[in-house]
Ligand code: SAM
């Protein structure tokens, strides 16, 4: 039984030392995934013991405390959020904040493998837009990138989401020598189905087997190549995230660029990230964190939790300093993206 009847009390909004309103919480509901994307995880990942995870009720409690402090957007991610057992009950309970108007958006980032099963239920819980990660339309390449994935399942999932009335945005990590020759095809395909495409530079997070210097493809190059063939017009569209968009005149669709490596996007950062063990990271690219699990388990009253949240936000850094270069053999951040929630 989740906490459907507990409504957030309105409290002072969370504002960080740089005057940024914290209005966006991303929650990694599990570190597990049914894929092993080569830039994200090593093949033999060790996952956390289940007892270390927050329960779904505890996740709801923390999310609700953030909603009370001005969070307007919640994104569930992972790992793969849809592999967490009973995750639909969490969507169901969080949907009360959409119904009450306290929350503008409840959404998720998914690899799409289980979307065919869950799309209509998600739509019923007020999920209106989702991000689906997809780096290639070539089934063999898809299998190589994800190690374990089945492209047809993902395409079927995207179709199911669209049929359920959910707007899908495709996220693709640009990988040197892997999908760089396919970015145009991905764009034409996505725009042909009315979906926007966001491209992401690979970030140095967690140890993986091949070096990231070999995978890193600056989006400035991708953009220049697209401009050889298409008219890209800067577009003011913003989702509150780090992407900067262009409208492609020939297709009518948007392409977003997330460029943490070549262009820092921190000045407007409004987000914090909760891991599945209740650790709050104030910045994707820094190690500093706060333990909210201790705060919620120490007392059933939320006073301690709110104090821990305030204290954490008072330490939110100005920005990250990712670097990928040949002199650094270690990633800038030791944890994998699947831990913090990409
Ligand atoms: N399983 C879900 C998915 O596939 O979207 C959610 C979690 S996944 C970690 C979120 C996003 O992070 C995916 O789009 C993935 O491609 C991206 N990602 C993972 N590792 C990354 C890295 N090192 N650099 C850039 N993006 C990364």
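Cβ atoms are placed via backbone N, Cα and C, with glycine included.
Sequence annotations record features per position, and here TrEMBL assigns GTP binding site to 26, 75, 109, 169, 271, 272, 273.
For 33, 37, 40, the entry in TrEMBL reads [4Fe-4S] cluster 1 binding site. Other Cβ atoms within 10 Å of the Cβ of residue 37 ([4Fe-4S] cluster 1 binding site), summed over all protein chains shown, number 21.
Under the heading S-adenosyl-L-methionine binding site, TrEMBL lists 39, 79, 133, 203. DSSP classifies residue 79 (S-adenosyl-L-methionine binding site) as coil under the three-state reduction.
Neighbour count (other Cβ atoms within 10 Å of the Cβ, all protein chains): 17 for residue 266 ([4Fe-4S] cluster 2 binding site). Annotation comment: TrEMBL describes 266, 269, 283 as [4Fe-4S] cluster 2 binding site.
Annotated domain 'Radical SAM core' per TrEMBL: 17-238, in sequence order.
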Entries of 39, 75, 133, 203 (binding-site residues) sitting next to ligand 1, with Cβ under 6 Å as the cut-off: 39, 133, 203
Candidates 75, 109, 169, 269, 272 (binding-site residues) - the one closest to residue 37 ([4Fe-4S] cluster 1 binding site) by CA: 109
Cα-Cα distance, maximum over 39, 79, 133, 203, record's S-adenosyl-L-methionine binders, Å: 16
Structural state of residue 273 (GTP binding site), classified by DSSP into three states: strand
Structural state of residue 283 ([4Fe-4S] cluster 2 binding site), classified by DSSP into three states: coil
Cα-to-Cα gap, residue 133 (S-adenosyl-L-methionine binding site) vs residue 271 (GTP binding site), nearest whole Å: 20
Conformational class of residue 39 (S-adenosyl-L-methionine binding site) under the three-state DSSP mapping: coil
